[in-house]
Amino acid sequence: MDILCSTLLLLTVPSWVLSQVTLKESGPALVKPTQTLTLTCTFSGFSLSTSGMRVSWIRQPPGKALEWLARIDWDDDKFYSTSLKTRLTISKDTSKNQVVLTMTNMDPVDTATYYCARI
């Protein structure tokens with residue numbers, strides 16, 4: 001009986017609960033000062049055209065806290081860190097399940113690990 005109940009409960013869970021969400025960042029390991037950094041976030045397990053969905057870019061400089069950079073929402077609303085907004089552009093390609101961040105005029109102070117996240 002316990003096995004049957006577990007199976008029935010599993011079958012009644014909506015399929016979106018069982019899907020695995022993954023996000024993977026790609027881009028150059030290094031850029032030179034004054035160059036433009038272009039990073040791509042390729043994701044699966046959700047659709048950025050679904051109401052309420054959003055993807056953010058964050059970074060973490062060595063030995064420092066996380067810093068939020070930018071966010072794009074399902075309806076193409078865009079939000080940027082006030083201190084970096086003149087250097088950042090975020091865009092999405094829902095057909096490829098990708099979000100792209102570009103950051104102009106790179107500087108050594110921009111040294112960090114860059115992450116995308118569904119937040």
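Yeah, the Cβs are placed from backbone N, Cα and C, and that goes for glycine too.
Listed in Swiss-Prot:
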DISULFID  CYS41-CYS116  disulfide bond
DOMAIN    20-119  domain 'Ig-like'
MOD_RES   GLN20  pyrrolidone carboxylic acid
REGION    20-44  region 'Framework-1'
REGION    45-54  region 'Complementarity-determining-1'
REGION    55-71  region 'Framework-2'
REGION    72-78  region 'Complementarity-determining-2'
REGION    79-116  region 'Framework-3'
SIGNAL    1-19  signal peptide
Given a Cβ distance threshold of under 8 angstroms, which distant residues of the chain, six or more beyond its ends, lie next to the region 'Framework-1' (20-44)?
55, 57, 96-108, 110, 114-118
Intrachain residues whose Cβ lies under 8 Å of the region 'Complementarity-determining-1' (45-54), provided they are six or more past its termini:
19-22, 71-75, 92, 94, 97, 99, 118-119
What's the CA-CA gap between CYS41 (disulfide bond) and GLN20 (pyrrolidone carboxylic acid) in angstrom, rounded?
16
DSSP output for CYS41 (disulfide bond) maps to strand
When pLDDT is averaged across the region 'Framework-1' (20-44), the result is 96
For CYS116 (disulfide bond), which residues of its chain lie six or more apart in sequence with Cβ-Cβ distance below 8 Å?
LEU23, GLU25, LEU39, CYS41, PHE43, VAL55, SER56, TRP57, ILE58, VAL99, LEU101
Helix, strand and coil residues within the region 'Complementarity-determining-2' (72-78) as assigned by DSSP
0 helix, 3 strand, 4 coil
Might you list, by sequence position, any residue in that chain lying six or more from the residue listed as 'pyrrolidone carboxylic acid' with a Cβ less than 8 Å away from its Cβ?
SER44, GLY45
Does DSSP give CYS116 (disulfide bond) helix, strand or coil?
strand
Under a three-state reading of DSSP, tell me whether GLN20 (pyrrolidone carboxylic acid) is helix, strand or coil.
coil
